[in-house]
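Asker: Annotations for this protein, taken from Swiss-Prot, read as follows:
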ACT_SITE  LYS32  active site, proton acceptor
MOD_RES   LYS32  N6-(pyridoxal phosphate)lysine
BINDING   ARG128, MET305  substrate binding site
ACT_SITE  TYR257  active site, proton acceptor
Amino acid sequence: MNILKISKQTLRNNIKIIREYIGNAKMCFPVKANAYGHGIEDIVENTHDLVDFFAVANSLEAFRVTAVAKNPVLVFGVIYYEYIEKMISENIRVSIQDYEYIEKLEQIAKELDKKVYAHININTGMNRMGVDYNDACRTIQRAYESDWLILEGVYSHLACADNRDHPTNIKQKNRFDSIVKFTKGLSQDIICHLSNSYGFLGQKGICYDMVRPGILSYGFLPEFYVDRVIREIKPIARLLSKVVKIITLQEGEGVGYSLIYRGFEGEQLAVIPIGYGDGFPRELGDRGFVNINDVMYPMAGRMSMDGLTVSLGINEYDVKVGDTVELISAIPRNRNSAFSIAKQTNTIEYDIMSTLNDRIIRKII
């Protein structure tokens with residue numbers, strides 16, 4: 001059995017630290033991609049009293065949130081019409097991505113005789129989604145004056161927040177400042193938000209009315225220097241499995257597909273029942289590390305869909321079937337932390353955690 005053990009205390013402590021750091025700004029907690037792989041329902045259930053909003057990528061994720069909490073939920077992505085009626089009935093916040101979408105929302109709202117809560121996404125330089133910057137004020141004005149929309153928020157997204165010295169950050173901030181000025185001229189109550197985790201840590205003065213700290217809430221820090229208080233944030237999860245078999249190699253034998261790992265006679269290998277079919281990175285095969293009984297062991301051979309093997313050498317520490325295996329550590333400096341795994345596989349912690357799928361059990365402790 002493969003289990004992602006999540007510390008409720010660490011999760012809640014991370015959010016409390018962030019709330020202290022952002023002052024009076026609201027907190028919108030992103031739980032998209034199954035709460036970055038940690039499990040939407042469990043994460044929402046254990047944090048809803050600490051945050052103001054939740055944010056997700058699509059309608060189906062939003063419904064999973066509203067099933068367990070009453071907080072407002074913002075959908076970042078495009079809304080599919082087969083779900084829009086249920087979204088409106090549950091007061092799920094819709095993102096407006098272009099001017100023309102306002103009229104479509106109004107038509108549906110009239111049919112349901114219910115107003116739609118909306119946030120307008122402005123493209124200030126990410127060039128992915130959102131209303132074009134040059135069309136922003138017209139779109140905001142149109143939505144604000146609509147009889148069928150409640151314009152609750154206006155937001156944008158930083159393209160280069162992970163590089164705090166990138167000139168695009170200033171360009172986007174200046175553009176958003178002009179949008180905020182226009183928006184607040186209509187109503188001081190409209191929530192303006194720009195920053196994700198890297199945004200409000202790397203750029204001073206851009207918390208605005210609300211921040212959206214995703215990866216930081218789950219315990220992953222940017223590499224650049226941040227405030228000492230933020231340094232108290234810790235990863236919330238450990239990925240664990242069990243040794244299911246011990247194999248002793250004979251002379252000249254290898255292990256796994258293509259037998260790329262060739263051991264020595266008498267070498268012992270531990271078989272672990274987790275593989276890329278569980279969302280664990282295949283690239284770790286033959287170069288990653290796991291922790292068994294506080295000893296690090298190297299992976300041996302290619303990772304398969306459902307399993308991997310690690311070399312125990314001569315098994316001087318007497319690893320046995322049934323021993324617990326730590327695949328992802330909650331200690332960032334460890335060789336099997338999400339941070340270290342991301343470095344080894346040339347990706348980011350978001351990727352390592354969010355691709356862990358539902359073959360892995362989530363357990364709040």
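Cβ coordinates are placed from backbone N, Cα and C, and glycine is handled just like the others.
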Asker: Find, among the recorded positions listed as LYS32, ARG128, the one whose Cβ has the highest number of other Cβ atoms within 10 Å in the structure shown.
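Answerer: Checking each of LYS32, ARG128, the winner is LYS32.
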Asker: For TYR257 (active site, proton acceptor), write down the residues of its own chain that are at least 6 apart in sequence and whose Cβ falls under 8 Å from its Cβ; none is a fine answer.
Answerer: GLY301, ARG302, SER304
Asker: Helix, strand or coil for ARG128 (substrate binding site)? Use DSSP.
Answerer: coil
Asker: Which whole-number value in Å describes the distance between the Cα atoms of ARG128 (substrate binding site) and LYS32 (active site, proton acceptor)?
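Answerer: The separation of the Cα atoms works out to 17 Å.
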Asker: Across all the protein chains here, work out how many other Cβ atoms are within 10 Å of the Cβ of MET305 (substrate binding site).
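Answerer: Around the Cβ of MET305 (substrate binding site), 10 other Cβ atoms lie within 10 Å.
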Asker: How big is the gap, in Å, between the Cα of LYS32 (active site, proton acceptor) and that of MET305 (substrate binding site), rounded to a whole number?
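Answerer: Taking the Cα atoms only, LYS32 (active site, proton acceptor) lies 25 Å from MET305 (substrate binding site).
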